[in-house]
Amino acid sequence: MPKRDAPWRSMAGTSKVSRNANYSPRAGMIHKFDKAAAWVNRPMYRKPRIYRTFRSPDVPRGCEGPCKVQSYEQRHDISHVGKVMCISDITRGNGITHRVGKRFCVKSVYILGKIWMDENIKLKNHTNSVMFWLVRDRRPYGTPMEFGQVFNMFDNEPSTATVKNDLRDRYQVMHKFYAKVTGGQYASNEQALVKRFWKVNNYVVYNHQEAGKYENHTENALLLYMACTHASNPVYATLKIRIYFYDSITN
């Protein structure tokens, strides 16, 4: 008379064969060769020429990867007369934050930070607006021109600033934005957050020097102008400015 099967044999999915197959340490080491995956992930030299010459839209025309990044972290004292900083200062080198040669393309600009007031200034009843201009200098020379030299204003008011007529072919305002802070004892807004991301595709050209300075630019320097509307109460801006750029293939 045959013995009766054990109770665990009648349970679905718990046979001895399946238990050995599932929990064996060698069960997960069997790899099946997938021809479709191998064809999709084939190396570049085995692809047609169109795949080797075509570049994705993420890479600007005439450039090559990888995407490099440079950060400018600084606290700015913004006054009524304005200030300027160059955000295309890239030193020549081999790192992920360096340019390979004379030419590169700034694909995008990311500005992150806040506008804030001093402890003594925020107690005064006033409203102060801080304005930013992202400007392209097509023919940089010497040192960056001051805010009052580039912009024409009515009654020295930065909110009415426009590029002077004789400099319109050299300076081009690519983007403009502002942030507002309010001081006072009751309805005060002592700080304002700043967050902007722009796609610019600005092709920068340097001379033979390696240092990342404005004076070494020959074409298309990126400048950030800042000014506040209040004449007597300055504000502070704690900003992290990141630019993402690609090296040119003609370097």
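Glycine too: its Cβ is placed from the backbone N, Cα and C atoms.
Per Swiss-Prot, the feature motif 'Bipartite nuclear localization signal' maps to 3-20 (among others). Taken together, the residues of the motif 'Bipartite nuclear localization signal' (3-20) have an average pLDDT of 52.
Annotation source Swiss-Prot lists motif 'Nuclear localization signal' at 35-49.
According to Swiss-Prot, the zinc finger annotation covers 63-80. Helix, strand and coil counts under DSSP for the zinc finger (63-80) come to 0 helix, 16 strand, 2 coil.
Taken from Swiss-Prot, the feature motif 'Nuclear export signal' covers 96-117. Applying DSSP to the motif 'Nuclear export signal' (96-117) sorts its residues as follows: 0 helix, 15 strand, 7 coil.
Sequence annotations record features per position, and here Swiss-Prot assigns motif 'Bipartite nuclear localization signal' to 195-242 (among others) based on sequence analysis.
Shown for the motif 'Nuclear localization signal' (35-49): DSSP residue counts in helix, strand and coil, namely 10 helix, 0 strand, 5 coil.
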